[in-house]
Amino acid sequence: MNNFSSTATAARERSLRDIELHGEGDTLREECGVFGIYGHPDAAAITALGLHALQHRGQEAAGIVSFDGHRFHSERRLGLVGDTFSRASVIEGLPGENAVGHVRYSTTGETILRNVQPLFAELNAGGFAIAHNGNLTNGLTLRRELVRQGAMMQSTTDTEVVLHLVAHSKRNRFIERYIEALRAIEGAYALVSLTNKKLIGARDPLGIRPLVLGELDGCPILASETCALDIIGAKYVRDIEPGEVIVFDEKGTEIHKPFPPQPPRPCIFEYIYFARPDSIVGGRSVYEVRKGFGAQLARESHVDVDVVVPVPDSGVPAAIGYSQASGVPFELGIIRNHYVGRTFIQPTQTVRELGVRMKHAPNRAAIEGKRIILIDDSLVRGTTSKKIVRMMRDAGAKEVHFRLASPPIIHPDYYGIDLPDRGGLLAATHSLEEMRDIIGADSLAFLSIDGMYRAVGEPGRDPANPKFSDHCFTGDYPTHLTDQTQVEQPQHQLSLLAEAS
Ligand code: AMP
């Protein structure tokens, strides 16, 4: 086989694999938020409010499944939470004291309704609804095996694999089946599930994705972030521990710890970008951590400027921290239009670039004739920074320096944070100087990895025992990557090709 044909075959194999990995017209990679409540007369309405507070974790679709003691009820729609669940008639259609909900954000291809969660199926033990934040790294492998055994998949999500694993289990008690399913999966998950008797929460053994326990009027609540508890006036009880499975039913609470204990590796990107600043994640205020990133950045790479300007909203807390640490005044040099979605929601690069312009406007009064330092939380493709630097210069800024409150992202994420593959990550393919040139800034600097750890209260990153999952910056993936490593192995690609054709 000559080089050309081997490249063409590899490309074809890869694209078939992409279809399997990401589904046709949809993706397995998702950013999501989950919520569940047990035993409250207003379960669906409270779930809708909780999902509204978690909207930043997923803006493309939302769903709620409730159980009224006899039947399950489900409402799953594309769009924002408020588009569907602000209507009284929709909430009235979700009666019962137990409910689970989900917000979803997929970014490549179109979102299709059959992928909107919570997923629901009738098992022989009764109905079962499941909502998932995270991403399984052996979802595709398990899926292929289940399909080979005769499973008929309704969606292209990895979450459905859990549902089938539970259905296939031969164990007697439901919770044993559920745990057997968890033992088979690898990767990141915060799961909230509902049966006709139980609300179940589960967090992956490393605690990569967050899940908290709250309480309202004596009823347990599970949610991705504490901001979903605050909105309904619920009390924060504690974080669900890594590897913990918690079950609520009429008998009370049952806790299972089916995995051998190991040092947790929560995802540090929750602090950088993903979580809401008013949430407490892993016992730390996200806002304070972000300010700490900014303060650390000021210590590491300050230049003499007149004003500190955040890229709103994601760069605001870090810019406040930078300003406080450096003593340089903080100014709102960019005004954000809140009536457009996050930049990444736009499916193509052209539209995405247009989105950036729609989203941010220069505030001339704050920047004209000034030397400014711009702060954003992270640099992914470089689209935002490039546009913003040009916008600042056009609005009369004398010097434009760019600072990122996170280290360079050079590795893809496989755990539920949507980031492009390596080729799409600017820092993975360019030197610092090349990036500075592309962005058009007078200077460019990123937070160091040790600095990032210092801002969360660690002495630095201990390579032998890193406290977080920081794979986007280090390439140190804390779980097996069964699906992803198969892509690298030609013999698997060939067997896939044989199966797919
Ligand atoms: P880019 O313009 O491609 O360099 O992306 C950087 C911008 O995207 C920053 O303003 C971040 O706040 C934001 N961002 C970072 N990570 C994500 C993500 N996973 N999903 C959506 N937006 C993100």
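Positions of Cβ are set from backbone N, Cα and C atoms, glycine also.
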TrEMBL has ASP376, ASP377 binding Mg(2+). Which one of SER314, SER443, SER448 is in the same site? SER314
With respect to ligand 1, which members of the recorded positions CYS32, SER314, ASP376, ASP377 satisfy a Cβ distance under 6 angstroms to one of its atoms? SER314, ASP376, ASP377
Could you measure between SER314 (Mg(2+) binding site) and CYS32 (active site, nucleophile) for me? Cα positions, answer in whole angstrom. 18
Could you list the residues of the same chain, at least six apart in sequence, whose Cβ is under 8 A from the Cβ of CYS32 (active site, nucleophile)? ARG57, GLY58, HIS102, VAL103, ARG104, TYR105, GLN117, ALA131, HIS132, ASN133, GLY134, SER224, GLY416
If you take the centroid of the Cβ atoms of SER314, ASP376, ASP377, the listed Mg(2+) site, which other residues of that chain have their Cβ within 8 Å of it? ILE272, TYR273, PRO310, VAL311, GLY315, ALA318, ILE375, SER378, LEU404, ALA405
